[in-house]
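Below is one structure; the comments refer to it alone.
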Amino acid sequence: MANLLWLQGGACSGNTMSFLNAEEPSACDLVNDFGINVLWHPSLGVELGENLRKLLRDLVSGAIPLDIFVFEGTVVNAPGGTGEWNRFAGRPMKDWVADLCKAAGFVVAVGDCATWGGIPATAPNPSDSQGLQFLKREHGGFLGKDFTSKAGLPVINVPGCPAHPDWITQIVVAVATGRTADITLDEFQRPKTFFQSFTQTGCTRNMHFAYKVSATEFGQRKGCLFYDLGCRGPMTHSPCNRILWNRQSSKTRAGMPCLGCTEPEFPFFDLAPGTVFKTQTVMGIPKDMPNGVDKKGYIALTAAAKNAAPRWAEEDIFVV
Amino acid sequence: MRERIGKLLADGLKTQTEPFPETAREFSRLLDELYRLPPDDLRGKLVLSGFTDTPYGPERMRCQECMYYLVHRKWCDLPELAVPVEADWWCRLWRI
Ligand code: SF4
Ligand code: SF4
Ligand code: SF4
């Protein structure tokens with residue numbers, strides 16, 4: 001039996017919605033099949049008022065062991081470092097977070113807000129938000145870069161805006177069933193099993209990427225979304241085309257460019273009108289190249305790819 | 001149509017090849033201008049997008065390598081242009 005507590009800071013509840021939509025395993029499976037005891041969750045918890053406060057105090061004191069602490073949303077520090085803008089159960093949420101992280105066996109940050117600050121921490125960051133152990137790309141965040149939980153691990157970051165339901169439940173199960181030895185983390189503390197490959201891995205538009213055939217509008221059923229529509233698939237670590245959304249789709253499969261939501265820079269684009277969902281170029285050449293490709297190589301590659309493009313690359317191959 | 005465009009260019013139609021849109025924002029500004037032209041204004045399209053019937057600049061840029069060029073159809077797939085072209089032509093919406 002592993003005790004799990006889920007709290008929410010500066011957040012839109014997107015990761016909660018995502019979590020409740022999980023199927024492999026589902027939120028119910030966590031309880032029934034994997035012996036996870038959900039002590040409290042913002043959408044599922046039944047305790048209120050003094051009962052909830054007592055539960056939290058008991059978790060902090062160790063009277064009730066806290067095996068897994070899941071946090072969704074940013075740690076809000078405003079105004080002036082007091083955290084008063086985000087109060088919960090009688091005190092600033094950030095104080096609960098600090099105490100609970102010390103008491104927890106494992107700490108799991110779910111979604112971009114909890115991992116690197118996400119949208120709330122984007123400049124000018126009025127809520128003075130931080131991720132648990134990162135602020136954007138900078139290591140440290142609310143807990144500091146040396147933080148490790150009782151089990152000796154740093155915060156396990158499951159980013160995404162929101163994180164895919166199954167990334168959340170599978171990591172929670174791995175932690176709860178003692179398989180943390182299987183979880184290796186990358187430099188941003190993301191489990192490698194999910195975040196080592198790119199969004200592009202498994203993308204059905206890979207052929208179009210190779211032959212430089214561009215989709216010019218959303219939802220078009222041919223063409224790669226990189227050249228015009230700013231797809232971040234080649235530079236974004238995520239398994240969105242391996243572990244599909246709703247078991248059947250992904251952004252790129254639906255004709256929508258990847259926004260790079262699993263990377264610390266999200267949302268990083270120049271958000272001026274006319275620049276969103278547009279590949280940023282300098283003299284006609286993309287500003288951000290696919291990983292490992294330089295400008296000269298890119299031009300040479302393009303010429304070769306164009307020459308080799310098969311006839312079908314110009315056809316609509318997404319026959320439904 | 002390709003021949004008609006070729007003839008217009010060969011006859012010395014003066015098109016606006018400069019300035020080349022350096023950034024994505026300048027590029028989309030040019031697209032907006034193109035979009036506002038009446039759909040059958042072929043000359044307008046050619047002039048505004050700066051067509052040439054030869055490769056352009058020191059890098060010898062040409063439709064053949066451009067993102068929008070469909071090799072087999074010899075067609076410019078940029079929605080705001082959507083015209084048949086030759087591999088050796090160029091326009092300032094060139095993008096790779
Ligand atoms: S750039 Fe985007 S659309 Fe193109 S192949 Fe990669 S992931 Fe797919
Ligand atoms: S496709 Fe890209 S933007 Fe969409 S969820 Fe995956 S990583 Fe995020
Ligand atoms: S955008 Fe211009 S350079 Fe590119 S294919 Fe079309 S006409 Fe040629």
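Cβ coordinates come from backbone N, Cα and C, glycine included.
Feature annotation from TrEMBL assigns [4Fe-4S] cluster 1 binding site to A:Cys12, A:Cys113, A:Cys161. Annotated [4Fe-4S] cluster 2 binding site per TrEMBL: A:Cys203, A:Cys224, A:Cys231, in sequence order. Among the features that TrEMBL reports, [3Fe-4S] cluster binding site is placed at A:Cys240, A:Cys258, A:Cys261. The domain 'NADH:ubiquinone oxidoreductase-like 20kDa subunit' annotation in TrEMBL covers A:12-174. Look at TrEMBL and you will find A:195-267 tagged as domain 'Cytochrome-c3 hydrogenase C-terminal'.
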Cβ contacts of A:Cys231 ([4Fe-4S] cluster 2 binding site) (under 8 Å, same chain, 6 or more positions away): A:Cys224, A:Leu225, A:Thr252, A:Pro257, A:Cys258, A:Thr279
Integer Cα-Cα distance in angstrom, A:Cys113 ([4Fe-4S] cluster 1 binding site) to A:Cys240 ([3Fe-4S] cluster binding site): 19
Of A:Cys12, A:Cys113, A:Cys161, A:Cys240 (the binding-site residues), the residue whose Cβ has the fewest other Cβ atoms within 10 Å: A:Cys12
Those residues of the chain, 6+ apart, with a Cβ under 8 Å from that of A:Cys203 ([4Fe-4S] cluster 2 binding site): A:Phe209, A:Gly233, A:Asn241, A:Ser250, A:Thr252, A:Arg253
Near-site residues: [4Fe-4S] cluster 1, ref A:Cys12, A:Cys113, A:Cys161, CB cutoff 8 A to centroid: A:Ala11, A:Gly14, A:Asn15, A:Gly73, A:Gly111, A:Asp112, A:Gly118, A:Ile119, A:Pro120, A:Pro162
Length of the line joining the Cα atoms of A:Cys161 ([4Fe-4S] cluster 1 binding site) and A:Cys240 ([3Fe-4S] cluster binding site), in Å: 12
Other same-chain residues whose Cβ falls within 8 Å of the Cβ centroid of A:Cys240, A:Cys258, A:Cys261, the recorded [3Fe-4S] cluster site, in sequence order: A:Gly160, A:Thr199, A:Arg232, A:Gly233, A:Thr236, A:Ser238, A:Ser250, A:Lys251, A:Leu259, A:Gly260, A:Thr262
